[in-house]
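Taken verbatim from Swiss-Prot:
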type	residues	note
BINDING	Gly169, Asp170, Arg171, Gln172, Thr173, Gly174, Lys175, Thr176	ATP binding site
SITE	Ser372	site 'Required for activity'
Amino acid sequence: MGIQAAEISAILKEQIKNFGKDAEVAEVGRVLSVGDGIARVYGLDNVQAGEMVEFPGGIRGMALNLEVDNVGIVIFGDDRDIKEGDTVKRTKSIVDVPAGNGLLGRVVDALGNPIDGKGPIVASERRIADVKAPGIIPRKGVHEPMATGLKAVDAMIPIGRGQRELIIGDRQTGKTAVALDTILNQKVYNDAAGDDESKKLYCVYVAIGQKRSTVAQLVKKLEETGAMAYTVVVAATASDPAPMQFLAPFSGTAIGEFFRDNGRHALMIYDDLSKQAVAYRQMSLLLRRPPGREAYPGDVFYLHSRLLERSAKMNGDFGAGSLTALPIIETQAGDISAYIPTNVISITDGQIFLESELFYQGIRPAVNTGLSVSRVGSSAQTSAMKSVAGKVKLELAQYREMAAFAQFGSDLDASTQALLNRGARLTELMKQPQYSPLTNAEIVCIIFAGTNGYLDKVAVRDVGRFEAGLLKHLRTKGKALLDDMTKNDRKVAGDLEKAIRAELDAFAKDFA
């Protein structure tokens, strides 16, 4: 069967008609050298600082050093698959990550890719990872409490929604435990809020440079307690390249800002920023940027300040949302005057200082109440907590002062002895096991008992037993009181004080 000439011409005409005149233009460069996660690229004349570029095989990188004759690019992945002479394409986009409700309950890497094996992420939008912090006009003073469920923190170092409170201490002093308990504590409040988004608090936990097993344990705990429903975990583990560890906090913050900008509340936990600074130092030195103090680059302060300034309380015209930050810093042998610790202390609105000495004495959470402060103060406390917490802080401060002197003298007058006895019991009362956060009303009742002499006759070793018994009593027979305190926040005075005293008297009578 022969093909007719007319058919051939028709086919040719069809082909010509469908010929695309649009040529795809891609700006490309060539790899000059690659190693240690850094690629030097010739070309890419119009690349922006912080722009994503693409290597063969889909490996991504970010342009950081724009020099006269080459571009320094950090690689988000394994550099073993990249070789000299490879072409590098511009993507014309700054690093961005998925954001939205679809990320809740998921574990993602620093680029927002899922790493939990639960399938693709359904994101409602994409957000640029490193954006400018809100200005002065959209902000409002911090005035709503962000309950951690820890007696020592909520009573003496209150944290408000929109605050940045640093958790600082040596390794193995319970820094992550404080942050994790704070996440677990939100479950009660989120469940009680129902559909009221203005009361809920969503959590974003950023793990930087940690072991994968540690992150897996944490996620397992969150899933077991049902806390994963309102939590996103961003993980750049120890086996990930330094650029991923550098980027993870920015990506996590972009995910948290989705809630802040939609009139909701979110909590950011950066665990920990010391490792991000180390990753940034590694990148900077390999890019041949000049080193400064402790070999960190000169802009390591700006690295942390631009990250933490994004946590803010917005005013009503901007949706009244908030982003609270709990950055964690690891110190070496309690040295809080090192470079990174002093930087982050000066950026944040207070710090919770955890001491290994207290930890080994069995005082856990090992909060040093003398060195820990909250620069927001009582404006971030409920009225009930405010009315009982002032006294406990003062009594513990006096106790610490007296305890130092009491070592030298044996003959102490009655008032000093009473102060020491009360202080020892209050110190014991501030202890709290992990994974057992308490509600605001429960903490108020416990501290009221401690500061109003209910423990003075109880032996120090029995304080924990007294507290456990009191909690059981309040959760069963005193449930109406707790519910009333939760619903109607007011000063502990008048009728409320009488009601609390009645419950305490009823319990103390049977306690033996």
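Each position is counted from 1, following the chain as shown.
Glycine too: its Cβ is placed from the backbone N, Cα and C atoms.
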Candidate nearest Ser372 (site 'Required for activity') in space, where candidates are the binding-site residues Gly169, Thr173, Thr176 and distance is Cα-Cα: Gly169
Three-class DSSP secondary structure - Gly169 (ATP binding site): strand
Binding-site residues (Gly169, Gly174), the one with most neighbouring Cβ atoms at 10 Å: Gly169
Recorded positions compared (Gln172, Thr173, Thr176, Ser372) - the one with the fewest other Cβ atoms within 10 Å: Gln172
Output field, ATP shell: CB within 8 Å of site CB centroid, site Gly169, Asp170, Arg171, Gln172, Thr173, Gly174, Lys175, Thr176 dropped: Glu330, Leu354, Ser356, Phe359, Ala366
Winner by Cβ contact number (other Cβ atoms within 10 Å) across the binding-site residues Arg171, Lys175: Lys175
Mapped DSSP class for Lys175 (ATP binding site), helix or strand or coil: helix
Residues satisfying Cβ distance under 8 Å from Asp170 (ATP binding site), sequence separation of at least 6: Glu330, Thr331, Gln332, Ala333, Gly334, Leu354, Glu355, Ser356
